[in-house]
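Data first, discussion second: the structure below is written as C-alpha cells.
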Ligand SMILES: Nc1ncnc2c1ncn2[C@@H]1O[C@H](COP(=O)(O)OP(=O)(O)O)[C@@H](O)[C@H]1O
Ligand SMILES: [Mg+2]
C-alpha cells in the first residue's frame, strides 16, 4: 500500500501529535492492519448484500427456475460491483426478459427495498443489459421544497407541479387541455398546493383565475385589486351566488363554442379570450351546503345543488375546447360527492394527497392499490400524480410557506384590472 506513505497521518491533522505509536514502524503496521480489516469488511458486506439480493429476488419472483439433473435450481440476476456509498449501490445484469423497471414496479420495488433494509430503490441503466441499483436509505420526498417567487408570462408556459422521487421537476402548462382533480384528507396539503399553482398563474395576461371557494382562503380577499377577483365567489352566506357564477361561466363557454373560427376545433387562448381556470375549492362542501337549502316548490325553479352540478358537468365535458380548465378540490373523489362518475372521469390530471387506500384506488385505478397502505400516512405535501402520459408516481409539491406569503405573491404578481 505505498500510496498510504504519502498520506498525512490523521493524528497530525487533528493536532494530536503525541499519541504513542502513531509514527514509525508500529504506526505503519497499525494503519496497514486497519486498511486490511476495512477491505475485508467491505468484501464481507458485498457478499452479504449479494446473498440478500439473491434471496429477495427469489422471494418476489424476479428469478428463473432452471431444471438441472439434480432437480430445480433458482437463477437470479447477477450482482457485480458493490459500492459502499452512501447510498449503497450495486450493478446487476438483467436476465433474459427482464427490464430495469421490473425492480421498481409498484408490487416489487418496495418489497425488494425493504428486504435489503432500504427505504426505496433507484435503478439507473448503465450499459447493455446492466443496471445500477441505488439503495435509498431515506425517503427522497422527506424534505420540503420551496417555490421560487416566479410567475409564468403565459398559460402556455409550464408551472411547477412537484418533484419526483428521482428529483425530476414536473411541470404542466395550464394551456394543455386537462382538468385537474385534487383529493386529500383535511390537512394533507391540497390548498397549499393550489396556493403554489395559482400564485404562478396570477400574472399571465391570458389566464383568468375564477371559481367558487366556500372557505374564502384560496380565492377571495387574497385576490382583491386583481383582474381575477370579480370572477370569484366565496363564503357560504350566499350559496346561490356560486350557482350564478358557474352558470355565467357556462354561458361564456357556449358563446366561445359558437365563435370557434372555421377550420379550427379549439379556441386559441389570448388576453381577449383567456384560459378560464375554474377553481372549485372543497366542491363536495359546496354541494352539501347547496343541497341543504330549502327546495323550491314544484315549477318554481331548479334546486341550487342541481344547478351547480349541471353547470360543473358542462364545464367539465365541453370546456376544454373553449379554453376552460377545471381545478376541483375534494377530500375524497367519490362519484356522488363530485357530481357523478362521469364528471370524475373528465379529470386527465389527478393528484392524491394523504387519503385512505380505497380513495387512492378510486381516483388512480387498480394500479395504485399496492401504494395505498403507505400513502394513507403521507406527510402534508406528498402526493400521487397520474396523468401527463406518465405512470402514477409519487411527488412532493412545492410549498410557499406561510399563508401570508401566498397573499403577498398574488398581490405582487396578480394581473391588475384594466381601468
Ligand atoms: N407542501 C407542504 N410542505 C410542508 N407542509 C405543508 C405542505 N402543504 C401543507 N403543509 C402543511 O399542512 C397544513 C395543511 O395544509 P392545507 O393545504 O391547508 O391542507 P388541506 O387543504 O388539504 O386541508 C398547512 O398549514 C401546512 O402547515
Ligand atoms: Mg384546504
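Each Cβ is built from the backbone N, Cα and C atoms, and glycine gets one as well.
Note that TrEMBL annotation is computational and uncurated.
What TrEMBL annotates here:
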REGION    1-23  region 'Disordered'
DOMAIN    156-362  domain 'FtsK'
BINDING   184, 185, 186, 187, 188, 189, 190, 191  ATP binding site
Please identify, from the binding-site residues 185, 186, 188, 189, the residue with the sparsest Cβ neighbourhood, meaning fewest other Cβ atoms within 10 angstroms.
186
Binding-site residues close to ligand 2 - of 184, 188, 190, only those whose C-beta is under 6 Å away:
190
Who sits close to residue 187 (ATP binding site): which same-chain residues at least 6 apart have their Cβ under 8 Å from its Cβ?
380
Sorted by sequence, non-184, 185, 186, 187, 188, 189, 190, 191 residues with Cβ within 8 Å of centre, ATP:
331, 353, 354, 380
For residue 190 (ATP binding site), what is the secondary structure state per DSSP, taken as helix, strand or coil?
helix
